[in-house]
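**Q** Before we start, here is the structure in question, set down as structure tokens.
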Amino acid sequence: MRKLRLRKKRREKMNVQPIAITSLLFFVQLIILFEVYTRLDKYQGVFNISWHLISIILALFIINKEENSAYKIAWILPMCVFPLIGIILYVLIKVLPGTKQLSDVLKTKICMSSQYIHQNEDVLKSFKEVDSNYASMAKFLYEYESFPLYADTKLEYYSLGEYAFESIKKELLKARDYIFIEFFIVSRGYMLTEVLDILEKKANEGVEIRFMYDGANMFSLPDNYSEFISSKGIDCKIFSPVKPIISSYQNNRDHRKIIVIDGKIGFTGGINIADEYINKKERFGHWKDCAIRIEGHAVKSLTAMFLQMWNVNEKDKYEMEDYNTYLLTEKQKRLKITHKKLVDVNGLLHEKKRYQLKEKLKNNPKQKVKIRENLLTFKCKNCVIQPMRVYANYAIPYGDYPSNMNNTAEAIYIHILFYAKKYVDIMTPYLIIDDELINAMSMACKRGVRVRLLLPGIPDKKIPYMVAQSYFTALMDAGVQIYIYTKGFVHSKVFVSDDIVSTVGTVNLDYRSLYLHFENGIFCYDRELALDIEEDFENTLKTAKLMTHQEYRNISVFNRLLGRLFRVFAPLM
């Protein structure tokens, strides 16, 4: 242990090494591409026509692809200006295996884990009686993405990262069986030290700990940091380590933030494990972030999402062992139900009980038995029909991933905007959106819905912020109210509508979150939670200023032009 820590200290001074090596190799590849281009460009008579023909063919191919129109423009434009470079980059990033391969593997994992997570039909029917518009969305999320609707979930909203962190520490200390942690950013400091100290303590008590962080952290952590974490008795993995190869694979990061404790309590939201997220360190003024705690059956979906990503490179047999261990109920384990026999998941009747009931009713002509794959229902003429149960609230933990043609997160955002009656309030650190979201916001305003956006006053990335400003005029013309948080940086990713609907998670309003990263969130139909979020929104507006056309004109012409220029390439940023 001591030797590893000493090695860590020595490497801390050298943690620039992986950055330098990776950057150098990327730069070498770009030089090679440029050199190939200049050498072949000498043979204009032979190659120019060929490159232009290929670029035209590729452009036609891109136009006819089932892909966001903004992406199509962003790829076609460089092909028209620099055919050879555009073609080579497109082949490297979009044609060669990478993103699609990883997404296909994850789809397989989702299909495998979906055997353990089924929709309770009574819950869905109850929700349909309460709100048929959102029940249709719940049906879509289950049938196409395997994210079921849950009822009576305990939900708690934290308006700042530091509030969430105190609750997280308390729950981690209560863990008895296992702790699963998945984060995008892990940075050394007070917060990480606190977390690792608790995890080490729980590991010594016999609690299983799994800790996963994104490979982009290699630029800020020592290159043996995963070994350092493992030395504390923690099973540690790095998702998709950055490699010095030009590929779309590098562009798809694990942006999820998930904590699961004993399969009973879960956390997610905008916060990462770094001191600025709990305002222990100031980077861009005051850091406005949020998180949500869930307790109940809905945690099973968070557990499944974590295991899918954890096992993305594992063989099926190991994954099945994980699912049998963490997704089966204790009753199912006692009955020795395996994934091949699963029929009782999420409150439905299991196989043994279903068979006994079928035998009992076999000789009764007044009763009709209808058995489906996972559900038994029966009709009885002499039965007293029980009233439909109405639950206190409903929740759907959901995830999203690259190459997901259903665009789960964006679909939820658009659905909220489309069915809002009074208002939609949104907090997001970035605003780089496509026509679908622009139209959804505009149409909501035209229907008389109040739409408000809360954005940072101090950005963490200048160019994306300039691009965000390029949307201001069109959105304000449509009636969207844009507020700028004057105290610092807004990192919350929140939608709240009509004092009843909300979603809290990791999904920003930008192309990277909506199309390129692995993301997660929780859709909530809960009045008390929505009121808490709306109260937080109103309180935050007290330190925000309303953007007007005059305020926009006060932005320098250079910044406005630069924002519009980079907006063309926004999908590739």
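Glycine is no exception: its Cβ is also placed from the backbone N, Cα and C atoms.
So TrEMBL has the following annotated:
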type	residues	note
TRANSMEM	20-37	transmembrane segment
TRANSMEM	43-63	transmembrane segment
TRANSMEM	75-93	transmembrane segment
DOMAIN	250-277	domain 'PLD phosphodiesterase'
DOMAIN	486-513	domain 'PLD phosphodiesterase'
**Q** Just to be sure I understand, if DSSP states are collapsed into helix, strand and coil, how many residues of the domain 'PLD phosphodiesterase' (486-513) fall in each?
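**A** Tallied per class, the domain 'PLD phosphodiesterase' (486-513) gives 3 helix, 13 strand, 12 coil.
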**Q** Sequence-remote contacts (6 or more beyond its ends) of the domain 'PLD phosphodiesterase' (486-513), Cβ cut-off under 8 Å?
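**A** Distant Cβ neighbours of the domain 'PLD phosphodiesterase' (486-513) are 70-71, 134, 157, 184, 255-257, 268-271, 277, 283-292, 398, 400, 409, 412-413, 416, 420-434, 437, 454-460, 464, 519-527, 529-531, 533-534, 537, 540, 543-545, 570-571, 573.
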**Q** Using DSSP, tally how many residues of the domain 'PLD phosphodiesterase' (250-277) sit in helix, strand and coil.
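**A** Its residues divide into 5 helix, 11 strand, 12 coil.
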